[in-house]
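Worksheet: the structure to be examined is printed underneath.
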Amino acid sequence: MGAQIAGPAPLRNTALLGLGVHRPERIVTNHEICQQIDSSDEWIQSRSGIKERRFAEDTGETVLDMAISAGRKALEAAGITGDRLGAVIVATSTYPYQTPQSAALVADALGTGGAAALDISAGCAGFCYALGVASDLVRAGTEDYALVIGVERMSDTTEPTDRSVRFIFGDGAGAVVVGPSDEVGIGPTVWGSDGSQADAIRQEPDWVNFANNPDQKRPWIIMEGTAVFRWAAFEMGKIARQIADKAGVELAALDAFVPHQANLRINDVIVRQLDLPETVAVADDIIETGNTSAASIPLAMEKMLRTGQVQPGGLGLLLAFGAGLSYAGQVVKMPPLAQ
Ligand code: UT7
């Protein structure tokens, strides 16, 4: 008989120790968007709730710049330095390189001294996917501290004259530090996907063959908005209930509901299905931020904390959904922001 492998460390509770975001400087109004698409401020606001979004600048606001900026602020809010991080996980679909992964460069810039680093691609669900992985890593004792970042430059991947997508998306980044905790600060993850509807949000054409096409049309995001709307409005209420059930929390006991900021109307439908009492604050960051895909959940949390809609330590239900079609979420205790 060979030598034995040492058993796992006892499981630990985990929590969100700090939150930081990067919102690009440049505000882009519906009026500016409508200079390139056949639409109107009135149509965009009534169909989506969006008044404005932010687009990143070419210098100083790359995907990496924004991820590092949000990560630094999350570390500051958590009161730890980068060298304590054992893992950096970046959720993104818009980092312009497939190799090497963005997380390795972020981990280096934050002075982790060689933390494990991986990117997660799960569309708009990416942040909650990454948070589930990070929480389980810390819970199992694989690492003590992990940084989770959601970051996107959607302005790079939406065709400026495509009126089915251009007005919806925006740019930005949000990050949280996950670490061990006396009490449960991050509930169990509920997640999944429906690849049979993968075409509903897709990239077209692929990166390998586009150069061979006669028109060399570069890849853009294509979205069947109505199909995504129906799926989200019918299915995501059920998923929110599963998230609360798995955490053993009554929906009425929540302080905040933080659904993905894809469309204010989708979130209104979900809130009605859940019959949430008015004591539960509902995130509405989409109005000023648009849909920032994997960055949307941490940006929406930051707005709620900054404006006092919820306090650090309050119970929040996170629910992210999008391309895949995939979804993920968990109940959390809301983290502190940097002072
Ligand atoms: O984060 C990833 C997940 N993404 C989402 O969750 C997005 C989900 N989908 C949506 O938010 C909505 O489907 C949209 C906001 C994208 C579109 O709203 P909709 O109510 O589904 O509009 P529609 O596509 O059914 O179009 C309604 C009408 C059509 O005209 P007719 O056929 O009724 O005459 C469209 O041609 O509005 C027209 N239309 C527009 N008009 C002005 C479509 N896009 C536009 C536009 N401006 N940008």
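Cβ coordinates come from backbone N, Cα and C, glycine included.
Predicted, not measured: the structure shown is a model, and the values here were computed from it.
So that you can see what the record holds, here are the features copied from TrEMBL:
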- CYS124: active site (ACT_SITE)
- HIS260: active site (ACT_SITE)
- ASN291: active site (ACT_SITE)
- 118-195: domain 'Beta-ketoacyl-[acyl-carrier-protein] synthase III N-terminal' (DOMAIN)
- 245-333: domain 'Beta-ketoacyl-[acyl-carrier-protein] synthase III C-terminal' (DOMAIN)
- 261-265: region 'ACP-binding' (REGION)
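Reduced to three states, the DSSP call for CYS124 (active site) is helix.
With DSSP states grouped into helix (H, G, I), strand (E, B) and coil, the region 'ACP-binding' (261-265) comes out at 2 helix, 0 strand, 3 coil. In the three-state DSSP classification, ASN291 (active site) falls within a strand. Around the Cβ of ASN291 (active site), the number of neighbouring Cβ atoms within 10 Å comes to 24. Taken together, the residues in the domain 'Beta-ketoacyl-[acyl-carrier-protein] synthase III C-terminal' (245-333) have a mean pLDDT of 98 on the 0 to 100 scale. Broken down by DSSP into helix, strand and coil, the domain 'Beta-ketoacyl-[acyl-carrier-protein] synthase III N-terminal' (118-195) contains 21 helix, 28 strand, 29 coil.
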